[in-house]
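TrEMBL annotations:
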- 42-55: compositional bias 'Gly residues' (COMPBIAS)
- 56-70: compositional bias 'Pro residues' (COMPBIAS)
- 71-84: compositional bias 'Low complexity' (COMPBIAS)
- 91-102: compositional bias 'Low complexity' (COMPBIAS)
- 103-113: compositional bias 'Pro residues' (COMPBIAS)
- 124-263: domain 'SCP' (DOMAIN)
- 42-119: region 'Disordered' (REGION)
- 1-20: signal peptide (SIGNAL)
Amino acid sequence: MVSPAAVCALLLALFGTLQGQPGTGVGAGGVGGVGGAGGGGGGGGGGGGGGGSGGGPPPPVAPVPPPAPPTNTNGTNITNTSTTSPAGNLTSTSSPANATTTTPPPTRPPWPKPNCGNPALTNELRRVFLDMHNDFRNGMIQKYDCGAESYAQQSVANCRRTELPAYATGGHKQNLFVLNSANANPKAVIHYALSRWWSQLARFGMRSNMMFYQSEYHRGARNVLQWAKMAWWNNRKVGCTMKNCGSFYLVSCMYSPGGLYVNQHVYRVAAVCSGCPHGQCDGQALCRW
C-alpha cells in the first residue's frame, strides 16, 4: 500500500514537470519538493523562469516626426492661403512668407494753369514758360503770376533790347533774352532762351556751397545771374512773355521776390524736399506753396 506521503510527493513532482514548460514563468522548485522528485521540479521551474522573460511586451516605437513645410528655392517657407471662388469652389494660392508689396509713388497733381488777360501771349505759351521753370528747378515749384507777366510785357512792348531799370520792375528781378532770328517757332524760341539761361551754371560754374557773393556781379560775360534768378530758392512767382520784333525775338521773365541777395545761398544743398513746409512735398521732389 502506498503511503499518503509518497502520493503527495508524486503529485508534487508531476505538478513541477507541467509548470516547467517554456513561457509559463513559474518554477515549482520553491514549493519545497521532497527528495529527488522535488529537485527535478526545481530545475523545471528555472526553465519556466526563462520562458517568462521571453514573452514580455515589445520595445516602444519612436513617433514619426511631422513633415517639414515646403520651401522655395531661396529657402523661405511657403504659406498657403485659401479663398473661395464665386461658384463656391475652394482654390488655393501660395506666396512666400516674407513677400512684400511695392506701393507706386504718388503722382504729382498738376499745378494751376496760368490764365491772364494779356492777348499778346496765349495760355499755351504761358504753360510752356511755367513747366520749363519747374522742370529745371526740380525743387521749389513756382506759380505763374499775371502781375509779373504785366511787367515783362512792358519791358518788351517797344522792342527794348535791354532790361528795365530796377525801379520800373515793381520789385521783381528780370531776365531778358534776345534771339537774332526771324520767323522762328514761338515754342522753340522759349525753349532756347530758357535753356541758355539755365546752362550758365554748367558753362561758367559757381561755388559748391551755392553762396551768392558780391563777386558774382563782376564776372562779365561769364556770370550766372540769369541762372541764379531762375534757381533762387524762394522765387515762388514767375511771369513771362515774348515778342516778335521782326528781325529778332525778345523773351522776358520776371521773378518774385527776385533773389540775387549777396551772402545768401541760391539754394541749400540738402536732401530732396528738406526745405519744404511740413507736408508740402508732392512726392516728385517739388514743394507746393
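Quick reminder: no glycine exception, Cβ is built from N, Cα and C everywhere.
When pLDDT is averaged over the domain 'SCP' (124-263), the result is 96. In terms of DSSP secondary structure, the domain 'SCP' (124-263) contains 61 helix, 28 strand, 51 coil.
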